[in-house]
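Participant: This is the structure I have questions about; it appears just below.
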C-alpha cells in the first residue's frame, strides 16, 4: 500500500524586464518538498523539479510508464496547475524542445522497430472508426500496432479532435466501456493507425491545434478544455488482439475570474473547468477514506476518464500526476493549487481489490477497546451538550454581528450606488451634450451646404433671367430699329408725297395761272368751236348753256358731257371780278394767291384710297371713275385726257 506518485515542476523565471523584477515566492526547497512564503509548513512531493530539461523530465516521470505498455500494463499521466504555469509545454513542448508525449512516442516506435502487424487485421477487428495515415505501412507480418486517439472535454462535452472543427462544434460523445478491448473511452472515438514517428507527430499536432483556446489576462493562449491523448498499443496474440493504453491528459488550469479578467464565453468556460476540477479534488479527498466507492467517479466525465483505472487489480505506479507552478506569480494562486493536490499524498492504493487484513488479536483487546470507546463516547456526549448550549449563545452573537455587518455593507453599497449613479448621470449628460454638439455641427454643415446650393441655383436663375432680359432687350431693340426704319420709310414716303403734293400744287398754280390767262384772252366762239379739244364750263343754273360763258383754260379739262360739270354757288361774273365757291377762289387782281392750292389738297387722300382699293390701277384713266366730287358740289373735272397731278 503506497501513495500516488505526484511531482512538482517549477517554472523558471522569464527573460523579459518585467519578469526579472518579480519576486520568487519560494522560501526553501529540496528534492522532495517545498515551502512557500506565508505558509505554515512545507508540502511534500514524490520529487520536485526546478531547472530540468524535457528529456530528463521524461526519464524521471513517463519513461517507466511507456515501457510498461509492452508488459501489458495501462498507465495514466495527467498535469495539474494554474493557467500559464507550463502544463501544456511539459506535455507537447515546442519545435526545439519536444514534450513528454513526443518522447513517449519515440520510445514506443524504437521498441516496436519494424515489427508492425497487418493493418487489415486491426481494421476488421475495430471496425469503421479505425483509420490509417497515408504514409503508414499497411502490409506487415509483425505483432504490434500503434493507434492514437485525441479528444477534449469542453464545457462538459466530449469532442473528437481528429475530426474537423466544423463537424465537432456541437458534438457530445458518451463514455462507454469498449467491449472489444475492455477500455473505458468516449463512444465511437476514432483511432488513427501510425507506423512512423513523423506521421504520429503530424496527427498529434493537427489534433492539438483544434483544441479550444482563448486569450485571458494571465495567458494569451489559455487552454479552455481538458485534453486527452490515448496511445493504444495493440499486440497480436494468435487470432486475438490485446490492447494496452497510455493516457496522457493535459487539464485546463484553474483560474479566478477576477484575476484572469474573463467574461462572456471565457467566463462560462472557466466555470465548467473549475467545476470539473472541484469534482476531481473531491474524489481525491474521498479516496483516502473508507467511504469512497467507484460510483463517486460518475459525478463527472473528467473523474471517470482519469480515476477509474486506480481501482481493481492495478499497480500504484500506473497513475502519475505532475503539478506545475510559477513561483513568480500570485501567492494565493500557488497556495490554492498546493492545497488542491495535498490529499493525493495521503491516497493509499491496494494492489488487490477488496483486500482484507487478517488479525490475530485477542478478544480481550477488543473488549478493552470497546470500553475505552464507550468512555470516550460519554465524554464526547457531555462535551457535545456543552457545545450545543454554547452554540445557541454563539449563534445569537454571530447573527447580531452578521446583521450589523450586512447593514454596514448595505449602507456602503448605497453610497457606492449613489456615487455610481451620479457618475453615470454625468457621463450620460456629457455624452448627450457631445451628441447634440455633433448633431448641431452636422445640421449647420448641412444648412450651409443647402444655402450654398440655393445661392448657386439663385445665381444661375438670375443669370438666366439676365440672359433672357438681354435677349428680350435685343429683340425689342431690333423691333424698335425695324419700327424706326418703317417710320423712316413712312416719313420718306410722306416726304416724297409732300414733294409730290408741292409739285402738284405748283402744277396747279401753273395751271391756275394759265387758266387765269385764258380767261383774260376770251377767245372767240369760232376759235372755241374749231378747237374741239377745248372744254367748256357748264353752270347748273336754270338750264341752258351760254356760249359766251368764260372758258377757264385751253387745257382739256372740261368735257361737253351734261353730267360732267362744276357747280358753283354764285353766278358767273365778268372778267376782272372774282369767282367764289366752296373750293375755288380766283383773284383777278394779279392772282396773288393760288386759287386751287387749298381746295386741291383734299382730293389726294380719296385718290390714294381709291388707288389702293382698285388694285393699284390708275383711276385717272377710267372715264367713269375719274370723276371726283369737290365739297359735295356737282363740279366735275374730267381728267381723261390730262393727268392733273403728274
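Each residue, glycine too, has its Cβ placed from N, Cα and C.
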Participant: Labelled region 'Disordered' by TrEMBL, one stretch among 1-20, 21-40. Can you tell me which?
Facilitator: 1-20
Participant: Same-chain residues six or more away whose CB lies under 8 A from the CB of residue 88 (ATP binding site)?
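Facilitator: The answer is 223, 250.
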Participant: Same chain only, sequence gap of 6 or more: which residues have a CB within under 8 Å of the CB of residue 81 (ATP binding site)?
Facilitator: 87, 253, 323, 324, 325, 337
Participant: Over the coiled coil (370-500), what is the model's average pLDDT?
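Facilitator: Mean pLDDT across the coiled coil (370-500) comes out at 89.
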Participant: Name the secondary structure element type, per DSSP in three states, that contains residue 88 (ATP binding site).
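Facilitator: SS state of residue 88 (ATP binding site) = helix.
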Participant: Helix, strand, coil: count each for the residues of the region 'Disordered' (1-20), based on DSSP.
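Facilitator: The breakdown for the region 'Disordered' (1-20) reads 4 helix, 7 strand, 9 coil.
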Participant: Taking every protein chain shown into account, which of the binding-site residues 82, 86 has the largest tally of Cβ atoms within 10 Å of its Cβ?
Facilitator: 82
